[in-house]
Structure formats: structure tokens, C-alpha cells
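Taken from TrEMBL, the feature FAD binding site applies to VAL143, THR147, VAL283, PRO587, GLN588. Here TrEMBL flags 141-164, 319-333 as domain 'Glucose-methanol-choline oxidoreductase N-terminal'.
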Amino acid sequence: MILSAQDCGCSIVEEGPTVINSPVCSGTYLFMVLLQSYLWGRCDISTPCKRIESVKKTDDKYDFVVVGAGSAGSIVASRLSENGTFKVLLLEAGGPEPIAARVPGFYRGFWGNEEVDWKVRAELGDFCLDQGEQGCSWPLGKVLGGTSVLNGMMYHRGHRADYDDWVAHGAEGWSWDELQPYMDMIENNKQIGTVVDGKYHSDAGVMPIQQYNYQPPQLQDLLDAANETGFPIIKDINDPNTPEGFAIAQAFNDNGQRYTTARAYLVPKSERPNLSVKLNAHVTKVLFKCKRAVGVEYVDEKGKKRKVKANKEVILTAGALKSPQILMLSGVGPKETLDKFDIPVVADLPVGKSFKNHCGATLYFLLTKANNTQTLDWNALTAYLLNREGPMASTGLTQLTGFLYSSFADKERNQPDLQFFFNGLYAECSKTGIVGEPAGDCPSSGYNVSANAVHLLPRSVGYMTLNSTDPFDQALYYPNFFDHPDDMEAIKEGFQYLRKIFNSQILQDKYEVKLDPAYTKECDDVAEAWSDKWSECMIRLHTDPQNHQLGTNAIGLVVDPSLRVYNVTNLRVCDAGAMPSPPTGNPQGAIMVVAEKCADLIRQKWTK
Ligand SMILES: Cc1cc2nc3c(=O)[nH]c(=O)nc-3n(C[C@H](O)[C@H](O)[C@H](O)COP(=O)(O)OP(=O)(O)OC[C@H]3O[C@@H](n4cnc5c(N)ncnc54)[C@H](O)[C@@H]3O)c2cc1C
């Protein structure tokens, strides 16, 4: 035994899915069983005394009912319950957070696990062709903490111009300067003065933010390659003076562990009796009295339909893909859709019509001189268990990112429209834990890494609509990627930037990098590598639709600048769906701002 289980002062409840049968690690067993049990036994990881317990039964009435305990909902419910006077209910369709998801190395470990992932698929189009008839895959958190349980934890809050764009869409009061206090309330930055400048960051907020405490050596090689290529290397992607460049990102983590918004913001009922959390509660509709939202209907873990009243407001925070479905099922949506499904119209609004998402494409490379071995082994596990350090304490190459301008961007606005991500070296699976164990999914020599070029200011606009009136049925999502030709062209430019990085002397000398032929062969048959035609083929084949969906209940279309749904009362939407245009970067930072401001607006209204 490396460490025996600790006495945490509260008993450990082994709930939620484990990493043992993670879809990413299928076939692994003994080592992962041991690893999982070691994780349970560490008090600071399993935090049994901070456990958010689901209430068995909800009361008849609350002041506020918040729907969806994800990135936004956990914040809204926490802030509303803070002063002790409001009685708040937070309803979540999923169950408890898997403890192993707190290990950054397992950041992909629960994708596709239906206990915590809605496993959403987009409708088919001329994109994501490598996924065949299934359509683009969108992992989406169905769990306490929502998608902050599955995401890459990268902290970015967008650029000043993003918020100017929001204001231009009618979001009065949402400029960068007006939102600054909310950004400060969020951020508990642990690297002010070392990595980031206190002028642009706060350490007084709730969410711990810093770089991971481990970087694989190959990460520095990639940074050196970007530098050799002539791209700026920056320290802080959130410093407004350095919008362009490559950097090791700061992330939502502390002590080598993921922080979801639920973990950072929610507190157990014993500490805050006026906040109740009900898990496995799937909200099926908002209940209206005339045009006033008066509560919600949900189906509990036993399949029983329940109703709960909201004396003051119902707040939807079910995310950009699910809040619009709940609205439509409740009679708030485009009249033609509601009529089609015989849903009585409460408010005729363009719900689901302005659906946007960042979109890019993936290039797969082989580091032909690198060893094809697992990153997770006994050494990595020991380093993590003893000190919360080593490969398990980071997301490998994924902590590196970069922002550049395509020829479609207006540089004067300091709003880069291309972002780059890198994938590989995850300490996520092992059969034996033996040092040097070959990585199962790679060829016998060479190490696979991949990189994504992502367009952040897409001109294509999609939509979503109902598939049926069954609330458990997936709605239909039409992202319309590449409908606007500029989006394809911008990603092609991104490909050329990545080509330069991977062709750099430093990477060639050290790793002899080449495109992995397993991923290019369809397009190699079409045209010469890196040509325009080849790039388009690759982009449609290996589309990388981000999980940054937004705009389905946008400010100015469906909700007003106070996030109140138009033409009804006592109902708000406070999640990614409310954002009228994309933040140019990873969106959780901006979504947290939406949630903080939403809670503040509600408090102002109901506090005398
Ligand atoms: C793989 C991946 C990587 C990502 N990486 C990053 C990153 O590094 N940085 C970043 O900033 N962003 C990242 N994102 C995006 C970011 O995580 C999401 O944009 C964000 O979490 C969305 O927040 P939300 O509150 O709008 O929705 P969610 O966090 O998805 O929360 C919605 C919640 O509502 C619940 N819900 C839905 N329907 C119902 C219902 N009917 N009844 C009750 N509850 C319901 C859901 O189960 C969920 O818990 C990533 C996303 C993914 C999937």
C-alpha cells in the first residue's frame, strides 16, 4: 500500500461512477481498481465532510428554483442562498460528481459515460465525417457540476471586444468594465505576482485558478517551436496587453485537483440550511399561471412526476442545449414549432434560433522518435498520492493554448479569432502501472499527438428544435458549420500556422514529426497534403466542433439584458444560451460572469 485510507472525520460515501471502467480506458482493470480506491481514501480529494447530499424529498415551495447544477447553476444557487433569507432549490438531472474526475489527468475519463454525460450528437451535415452516421459528438455534463466536470478547466474570460459585441446585440450593462466586479468575485488567482499581473486579476474570488503544477517536457518543446516560428510566447492569456500568442494556460484547479463550480461554490445543507440540492431530478417543464412562472415539474430518481412551486422566480441554468428544450416544452418558443407539437403557446419567441459554437478541425501527428509508452504508471500514481504532483496533476499537452489572428480578424480590436489546442500525454489509463508499458492505441513506434485550429468568431449560425414532446428525448441540433465560407477559410489559415509549428527545426530534430497517415489517407487521395483542397477535405473529415455552444436563448432575442424571458414574468435564463455572441476563448469564464451577474440582478430585485 502506498498510503492507507485516512480518517476524514466523516464517512466516505463511494458514490458516482469510477474511473475503473472509463470508456477511455476500456480493458484496464487491476491497477485502476487500486488507483480508484486510493483516491477514495484521501480526505482532500474525496472531501466527505463537504459532500453535497441530495435531499430525499423537495418541499412544496421555495423562493427560487434553479434548474441545472452546472457551471452557471451552481453559482446562481449558491449566491442566492448566501444571505440566508431566501429558500433556494437547485434541481439537477444527473447524480453526484465522480471523485476521479477531480484528477486533472483523467479529464477525458468520463466522456461518453452515460452516468454523467448526456452524450449529445449534432444532426448530420458535411462535417464530422469521421464520425460516420452518428454526427458530431458533444460531451455534456449530466452531473452535479455539469460540464465543469468534463471540461479541460482552461480559464479564459474572453477579450474586451467580445463584450462590446454583446452590448451591440442589446446587452446593455454588459461591457467589460461593467462586468469587472463579477470577474473579481469569481477569481481566486494563486499566481498573482508570479505568472499574472494583479492589475488584471483578483485573488478575492471563490474559484481557485492557477497553472497546473506539472508540465510534461514536450510542452516546452512546443512552446519553443512556436517561438522559433515567430509566434509570441506570452505568460498570461487573460492579460489584455497580450491577446495574441502561445502560453501555458491557467486552469480551475488547486492542490493538483479539478475545481468544478459545484465544488467551489456549493456548501452542504448542514452549513446552509436554506439551500437544498436535489439530484437525479429531470425538469420536464416550467409551470405557468397565465404568463407568470410559478414553479417546475420534474421527474425524480424513481420516475415519479413531482411539482414544486417558486414564490419568486424560476431560473433556467440547464445549458445552451437543454434550457431551450425545457422552454419549448413549457410553451415558450417559436409558434410554428409549438403548434407542430400541439404545445399551448405561452410566449412566441425565437428560442433555439441563434445557435452558435466555436468550430475547428484536428490534425494528427506522429512523433516518430518518441517512446510509445503510457504516461500513467506507478511512479505517476505515487507522485500524485504523496504530493498531488506529476503527470496525473495536469492535462498533459492540453494545458497549452495559443491565440492568433486570421486574415478575417480586425487586429485593431485585440480580438484574436483563432485558438489552438494540443492533445496528448494524458496520464489516464494503464493496465499494469508498470513503467514503460506500451500505450495500447498507438502504433509500435512513435507517439500520437494532435492539435486543433479553432475559429472563434464563426459567421455560420445554427438552430435547435424539438424532436418530440418527450422531455427525455434529445432535441435536434443543427450547427450549420461552414455554411458561411469564411469559417472554412479561417480554419485553413489555422492549419497553416500549425504546419509551421510542427515543421519547426526544434520539433523535427527532436521528434521527427510527421502527419499521421492513418488520419490523412482519405484526403491524400483527393489532393496534395496542405493544399487548399486537402485542407478542406481534412476539415470536413476531422471537424473539431467545440463544446462551446451558446446563443440559443440570447440576450436581445429571448431574454432581456436582465436575463428575464421576454413576454412572461418570474423566469430567467442564466447560462451559456444567454450569450448573444461568442467569447473569443474558452467560455466557462464568461459563463461564470453571466451567472454572477444574474444572481446579483435577482438579489437586487428581491432584496428590499
Ligand atoms: C470536453 C469539454 C471541454 C471543455 N473545455 C473547456 C475549458 O477548458 N475551458 C472552458 O472555459 N470551457 C470548456 N468547455 C466548455 C464549458 O465547460 C461549458 O461551456 C460550460 O460548462 C457550460 O456551462 P453551463 O452552465 O451553460 O452548462 P452546464 O455546465 O452543461 O450545466 C447544465 C446543467 O443542467 C443540467 N440539466 C440539463 N437539463 C436538465 C433538466 N431537464 N433538468 C435538470 N437539470 C438539467 C445538466 O445535467 C447540467 O448539470 C468544455 C466543454 C467540454 C464538453
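Just so it is clear, glycine is given a Cβ too, placed from its N, Cα and C backbone atoms.
Caution: TrEMBL annotation is automatic and unverified by curators.
Structure with TrEMBL features highlighted.
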| residue | record | DSSP (3 states) |
| --- | --- | --- |
| VAL143 | FAD binding site | strand |
| VAL283 | FAD binding site | strand |
| PRO587 | FAD binding site | coil |
Query = Of all the binding-site residues here, VAL143, VAL283, which one's CB has the most other CB atoms within 10 A?
reply = VAL143
Remark   = One finds that other Cβ atoms within 10 Å of the Cβ of THR147 (FAD binding site) number exactly 29
Key: Tally of DSSP helical, extended and coil residues in the domain 'Glucose-methanol-choline oxidoreductase N-terminal' (319-333)   = 7 helix, 2 strand, 6 coil
Remark   = Same chain, |i - j| six or more, Cβ under 8 Å of PRO587 (FAD binding site); the result in sequence order is GLY158, HIS548, LEU550, ALA576, MET579
Request  = Have a look around GLN588 (FAD binding site) and count the other CB atoms within 10 A of its CB, chains all included.
outcome  = 29
